[in-house]
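A.B. asks: So Swiss-Prot has the following annotated:
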type: TRANSMEM; residues: 33-53; note: transmembrane segment
type: TRANSMEM; residues: 77-98; note: transmembrane segment
type: BINDING; residues: H83, H182; note: heme b b562 binding site
type: BINDING; residues: H97, H196; note: heme b b566 binding site
type: TRANSMEM; residues: 113-133; note: transmembrane segment
type: TRANSMEM; residues: 178-198; note: transmembrane segment
type: BINDING; residues: H201; note: ubiquinone binding site
type: TRANSMEM; residues: 226-246; note: transmembrane segment
type: TRANSMEM; residues: 288-308; note: transmembrane segment
type: TRANSMEM; residues: 320-340; note: transmembrane segment
type: TRANSMEM; residues: 347-367; note: transmembrane segment
Amino acid sequence: MTSPRKTHPLAKIINESFIDLPTPSNISSWWNFGSLLGTCLIIQITTGLFLAMHYTPDTSTAFSSVAHITRDVNYGWMIRYMHANGASMFFVCLFLHIGRGLYYGSFLFLKTWNIGTILLLTTMATAFMGYVLPWGQMSFWGATVITNLLSAIPYIGSDLVQWIWGGFSVDKATLTRFFTFHFISPFIIAALATIHLLFLHETGSSNPSGMTSDPDKITFHPYYTAKDILGLIFLLLALMSLTLFMPDLLTDPDNYTLANPLNTPPHIKPEWYFLFAYAILRSIPNKLGGVLALVLSILILMVIPMLHLSKQQSMMFRPITQTLFWTLAADLLTLTWIGGQPVEYPFVTIGQTASIMYFFIIVTLMPLSASIENKLLKW
C-alpha cells in the first residue's frame, strides 16, 4: 500500500517539497540559506505577534509602550531583542543567499530570481517600517528623510509624500499606517516565498559545478534536512548570543531618546543593512539622481541574467570573474562602512568611488571578463 504521505492531497505537497524532493548530491552549505530565511521569517512573525499585543501605534504612547514591553512584560526584553536582532540575522542570510545566487549562476532561473528580487524589496520595506515603530529620534528622522526622497519624483512627488505621511509631516497617521503595513507585510513575504519555492521546484536547484545534476540526485530528507538543522543551530546560536549578550550592538543609541521634531540628530542613518544603499544615495549630489541610483542599486539584480555572457553557469571554474565577485563583495562592505560615516572628506570621495565601482563591476567588468574567459576556453 502506498504511504499516505504520497497520496494525501496536503501531505503530498509537503512530501514533494521537503521530503522526497530530488536534490543534487553535491550542493554545499551555501544552499542552507533558503531554509534559514524561512526560519528567520517564522521567528519574526512569532516575536512580532507577541510584541503587537503590547505595542500601541500612537505618537504619545508608542515609545513608552516599547519601554513597558522591555520592563514589565514577561520575557518582553527577550522577545523585543530577538525581533530586532532577528531582522539583522534575516538580512545577513538574505545577502549571503543573493551572493550565492550570483556566484553559482542561480539567476539563470529567471522566474525564481525575479520573485527573489521582489522578496528583497518587500523585506527592505518591511524592515524600514518596523524601524519607525519604536518612535525614537532615529525612527522619526529616518522616516522623515527616507519618505521625503519620494518628493524627488517629478510632478507628483510632494503630493505622494503627503499622501504617505497622511498629513504635512511624519505624525500619528504615519505611525498608524506604518504599523498596519508592518504587521501585514510578513504574511505577504510568506506568500511570495511560497511562490519563490514553487518556481524553484519547477527547475530544481542548481549546484556548485553549474552542470546538470539530473543523473545524480538524492532525496531531500534525511540528507539535507540534517544538513539544514546544522545551519539552523549556528543561526540560533548567533541570534541568541546577540540577544542575550549584546542586544544593542547593532542599534542606534539615538533611538533611546523620544522622537522630537524640533531636534535633529547630528547624523541621521538607517539600520546597518541599508547603509550600502544609503551610501550610494548620498554619493550623488542631485536628489533625483541619488534616488534613481538607490533604486537601481537593488533593481540591477533583475538585469544580471541579461549581462551573463559566459558559457558556464557557475563561477567555480572562472578565476577572473571570481576576483571581480570578491572585489564587489569588498566594495559592498566599503559602502556599508561609508553609509555610517558623517558627510565629510574623505568619506564622500570614498563613497563616490565605491558607488561607481559597484555599477562598473556589475555592468561592464563582469560581462567583459565572461567574454575573455569564453575566448580562453578555445585555447
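Glycine is treated like the rest: Cβ placed from N, Cα and C.
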A.B. asks: Between C-alpha atoms, which of these binding-site residues comes nearest to H201 (ubiquinone binding site): H83, H97, H182?
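C.D. replies: Of the binding-site residues H83, H97, H182, H97 has its Cα closest to that of H201 (ubiquinone binding site).
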A.B. asks: H196 (heme b b566 binding site) has how many other Cβ neighbours within 10 Å of its own Cβ?
C.D. replies: 21
A.B. asks: Which range wins on Cβ pairs under 8 Å with the transmembrane segment (178-198): 33-53, 77-98, 113-133, 226-246?
C.D. replies: 113-133
A.B. asks: Using a cut-off of under 8 Å between C-beta atoms, tell me which stretch among 77-98, 113-133, 226-246 contacts the transmembrane segment (288-308) the most.
C.D. replies: 113-133
A.B. asks: Residues with Cβ closer than 8 Å to the Cβ of H182 (heme b b562 binding site), same chain and 6+ apart in sequence?
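C.D. replies: The list for H182 (heme b b562 binding site) reads T126, M129, G130, L133, given in order along the sequence.
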A.B. asks: Under an 8 Å Cβ to Cβ limit, what residues of the same chain, 6 or more beyond the ends of the transmembrane segment (226-246), are close to it?
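C.D. replies: Long-range Cβ neighbours of the transmembrane segment (226-246): 29, 32-33, 35-36, 39-40, 43, 78, 81-82, 85-86, 88-89, 93.
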A.B. asks: Could you list the residues of the same chain, at least six apart in sequence, whose Cβ is under 8 A from the Cβ of H97 (heme b b566 binding site)?
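C.D. replies: Non-local contacts for H97 (heme b b566 binding site): F33, G34, L37.
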A.B. asks: What residues in the same chain, six or more past the boundaries of the transmembrane segment (113-133), come closer than 8 Å to it by Cβ-Cβ distance?
C.D. replies: 55, 57, 62, 66, 87, 90-91, 94, 98, 101, 106-107, 139-140, 142-143, 146, 174-175, 178-179, 181-182, 185-186, 188-189, 192-193, 195-196, 199, 270-271, 273-274, 298-299, 301-302, 304-305
A.B. asks: At the level of the C-alpha atoms, what whole-angstrom distance separates H196 (heme b b566 binding site) and H83 (heme b b562 binding site)?
C.D. replies: 24
A.B. asks: Please name the residue among the binding-site residues H83, H201 whose C-beta has the most neighbouring C-beta atoms within 10 angstroms.
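C.D. replies: Most Cβ neighbours within 10 Å: H83.
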